[in-house]
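Q: For reference, TrEMBL lists these features for the protein:
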- A:20-232: domain 'MacB-like periplasmic core' (DOMAIN)
- A:21-41: transmembrane segment (TRANSMEM)
- A:292-314: transmembrane segment (TRANSMEM)
- A:299-409: domain 'ABC3 transporter permease C-terminal' (DOMAIN)
- A:343-364: transmembrane segment (TRANSMEM)
- A:384-407: transmembrane segment (TRANSMEM)
- A:428-451: transmembrane segment (TRANSMEM)
- A:438-649: domain 'MacB-like periplasmic core' (DOMAIN)
- A:687-707: transmembrane segment (TRANSMEM)
- A:690-802: domain 'ABC3 transporter permease C-terminal' (DOMAIN)
- A:739-757: transmembrane segment (TRANSMEM)
- A:769-792: transmembrane segment (TRANSMEM)
Amino acid sequence: MIFNWFKIFIYHLRQSKLFSFLNVLGLSIGIATVIFAILYWNNEHSYDQWNPNKENAYMVLNKIGATGDTWGSNSIPFGETCKASIPEIEKICFFNTWYDDEIIKYQSQKLMAKKITVSDESFFDFFPFEIVQGAKTNILKEKNSVAISEEQAKLIFKDEDPIGKAIIYNTVAYTVKSVYRIIKPSSIEPNYVFSGVKREGDENSWGNFNYGLLVKIKKGADPVAVLKKMQNVNFVNRTLKDAKESGQTVEQYVKENGEITVILDQLQMSRLHGTKSSAGQNFPEGVGNLKLLYIMGGLSILILVLSLVNYINLATASAIKRAKEVGVRKIVGASKNQIIKQFIFETAIIVTLAILFSLAIVELSLPYYNTFLKKNLTMNGSEFYLQLILIFGLVIILAGIFPAIYISNFETLKVLKGNFSRSKSGIWIRNSMLIFQFGIAAFFIIGALIVNSQVDYMMNKDLGFTGDQVISIPYNKPDRQKRVQQYGVDKSEIKKIPGVVDVTTFAGSFGGSTNSSSGFTHNGIFVQPRNAEIDFGFLEMMKIKIVEGRDLSPEFASDTVSSMLINETLAKTLNLKKPINTIVTSGWSIGDGNNLKFKIVGVVKDFHITGLQNKVPPMVFINIKTLKWNNFNNILVKVSPNNLTETLEKLKIYWGKNVNPDYPFDYEFVNKGFAKTYQEQIKQKNLFFILNLVVIIIAVFGLFALASFSMERRLKEIAIRKTLGAETDILLKELSKQYIIFCFMGFAIGILPAYILLQKWLEDFAFRINISVVPFTVALISLVILTLIIVLTKAYQVTKIDVLKYLKYE
Amino acid sequence: MITIQNLTKVFRTEEIETAALSGINLEIKKGDFLTIMGPSGCGKSTLLNIIGLLDSANDGSYKLLDQEMIGLKEKGRAQVRKENIGFIFQNFNLIDELSVYDNIELPLLYNNVKASERKQKIEAIAEKLNISHRLKHFPQQLSGGQQQRVAVARALVNDPKIILADEPTGNLDSKNGNEVMELLTDLHAKGATILMVTHSDYDASFSQRTIHMKDGVIFSEKLNQRNVDVFMDAK
């Protein structure tokens, strides 16, 4: 029997090669997008799933009451007190929530190492990577110990035994205790784990939130109860004390200053469903992009549905060709079930082909997808193959059942009498599916247009600074304490290099943020502005305007002592009507505990220091010499556009000789650096564009095929109309009319979801476009034009038929 | 073999009721060769379709092999049909996409006949109908007479109890038509039960008995003369 079915299937496949091919292609594109989404989904959901502590380990975050920011960092005494006073807590671990990239030295070797983390002796209790060499326990207990990943060990030590060898990191020698094998994917995938995360001076400072903190609670303990106890530790040691110090009652103090709320994120949930910290300080591998994951998932399902609808439509439309066969089969004894089985069998073959095809598509485009997601996904794992089988079954059922039942219900008598081909059965289903397709297409076109205009808006927005011809070069002087001093010398030397127009620096980066933030209270208003320590001339070089007062200048001695600038946002937040000459008590102190007082000498026009997702933060500006924090990491050099290569070459030589020979010379144009903030959106735009193309291709093909089938069924009618004297243009109108109506109906369906979802997407941007009618109009017009082109082409072809042929036979 | 009593079939549309069959009584015995004649729209095809279980009646009784068929569900009818009835159509109704061999094989497939047995049966019937050399061809490559012989082979391959022929010569020229009629006569001579609908008096003369219908009722029945054979011989 199957052989018989197969023969017929092959026959029809050969009869309509193009349609069959396009049909398979449509399905395989649909399946391929779902496979892409699944790969991404699996990867994101497999983070830390290998970890035996995934349920018992929690990351601790703090929501700062005064500003509403969430910090992924904690103070040492808080962690230690929790450990000591809460019996349910089995272990705690301090670690750096970021990776360091530094030069690692071994004997005469130098290696630019990435993904360095610093932690304490509990690290491997929380992330039990497989130890392949060396000590299995107490790895980081001794001072200056380090554990290295297998790959790095091979890189540095080749065939030598790494255990007991000394490597140098930040001028300190560390002894290699163990070599471990990273298990991926993990929230931390470090190449090096150094001991000694706790810095001097932080041991007893409740206010120094410098450390990532993990707690492991005992099996069976209630995390809610633990959280409550931790909250209490904070209350007793911070809120109560601070309130006492300020001479207020607790209620009053909390009302004015807010209170820290402790948050616990379970390790296994942390990546995707965890609390996002304000500065992106979660685990070093970052957090999962849940939104993109949902976008990918949703769109891929939509495309699969589209291709399924296409398949069903074509299958039912072309079923007319199979009507006689079905009739005959029924006459010679086929039951309905057998007919259904036969057609599901055919769908199964097509789906098999489509899946093979889609695997090929995925395999070929996986590298691009990986670049897009910055991941290294592969088609692997039993889970993936199980899902593939599930898709296979699901697609067969969804695509196959309906046409099969439809065909099996053909009435034998009508079919064999031969007047079946003009029957109207199933038409309304096909038409509503067509409308649905138009709806999806409209959704995608509108979506792409809106995403596109938001990205355009971001790229062309006035940022408040001009980064043209300004490059940022890392300034890694080995001795940080003398950085300001050394910078002064280097600045005047670099200025002498031909092609260099100006040199300046500030402690931060455009598109990132500034390197520090300190809160203070003025007139009873608490603010947490970003600190920008700038060199004289910084504002001028970056063409950042002063709206009131004056810039900091070397002419005033006080400008390196007690003068500050603030930006418009801060002036507004502090409610300062006349900000100039206002004295504020800053959040900074030098040793003696009294906070320094500063005089505001100017107000800086707001400019975008972070990406356009965020509002302009409140900012204060002081000279780099004022506090001598030495915490700027880059030098900004304005270069002349002429002889750029030469200038860069000279800068490189200067850097190698005078700044730090260990580091490779690296530079970035400031504009390009800022553009990174909307890289994600550009990617989403491209993603939308590609998906749009896919959707339109599938929809166009579906429309063409359906129009072909339904028009060919009307050949006799057309022939009669022609005989009665119908002109071509009247016929064209007659034939195309309904599709235009469907197009409008589909569009109407697509509008609302497009509006709602895109509105949601835009909510993420502090600076965004408003949704206007333009994208909707453009989408409608392009959809109508597309429909007209397809339908009219087919209709024109149909009106050119030989009248006689169709009146004679039929 | 077939007993029909007071069989009625009414076609209803929103406005009119048309009685296609009103109170038909008919009996067909094993080995009969019966022809139904009548003008277009007299209900003869409807009667044939009901007997062939392709259509259902509104009222009356239709017994096939002493089993009541009226009120049988689609599934049951398909079962009875595939085991007992062979169809021959005016327009052959062969599946163009399948070879002659595959076309003849279909009923056997749906009756779950074993592969080795299928081959044997198909070859035997092809031999009998003189189409052995055409088994690998496709229907479109054959002449009308040959196509109808394939259709007959398909109708017979499963040894049905009764053969229903709906204007079997309607699409054939007289020579091919004759061939098909001789084939049916031959089958009848070997004991087959045949019910045929036709417009042609000439074709009808091959059968034992002819029923004339008009407006849904049988109004005459006559036994055909054997001398037809003599006439044929003389020709």
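Glycine residues also receive a Cβ, built from the backbone N, Cα and C atoms like all the rest.
Note that the coordinates shown come from a computational prediction; the quantities given were computed from them, not determined experimentally.
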Q: Taking only the residues in the domain 'ABC3 transporter permease C-terminal' (A:690-802), give me the average pLDDT of this model.
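A: Taking every residue in the domain 'ABC3 transporter permease C-terminal' (A:690-802) and averaging pLDDT yields 86.
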Q: Should the transmembrane segment (A:384-407) and the transmembrane segment (A:687-707) be scored as in contact, given a threshold of at least 3 Cβ pairs under 8 Å and pairs 6 or more apart?
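A: They are not in contact.
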Q: For the transmembrane segment (A:428-451), find every same-chain residue at least 6 residues outside the stretch whose CB is under 8 Å from a CB in it, and list them.
A: 302, 305-306, 309-310, 312-313, 316-317, 681, 684-685, 688-689, 691-692, 695-696, 699, 702-703, 706, 710, 738-739, 742-743, 745-751, 753-755, 757-758, 761-762, 769, 771, 774-776, 778-780, 782-783, 787
Q: Grab the same-chain neighbours of the transmembrane segment (A:21-41) for me: Cβ-Cβ under 8 Å, and only residues 6 or more beyond its ends, written as numbers and ranges.
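A: Tertiary neighbours of the transmembrane segment (A:21-41) are 293, 296-297, 299-301, 303-308, 310-311, 314, 350-351, 353-359, 361-362, 365-366, 369, 373, 375, 377, 379, 384, 387-388, 391, 395, 399, 691, 694, 697-698, 701-702, 705.
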Q: For the transmembrane segment (A:687-707), give me same-chain residues lying six or more residues beyond its boundaries with a C-beta closer than 8 angstroms to one of its C-beta atoms, as numbers and ranges.
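A: Hits for the transmembrane segment (A:687-707): 19, 22, 26, 29-30, 33, 296, 299, 303, 306-307, 309-310, 313-314, 317, 372, 430, 434, 437-438, 440-441, 444-445, 447-448, 451-452, 739, 786-787, 790-791, 794-795.
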Q: Write out how many residues of the domain 'ABC3 transporter permease C-terminal' (A:690-802) are helix, how many strand and how many coil, based on DSSP.
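A: Summed by class, the stretch gives 93 helix, 0 strand, 20 coil.
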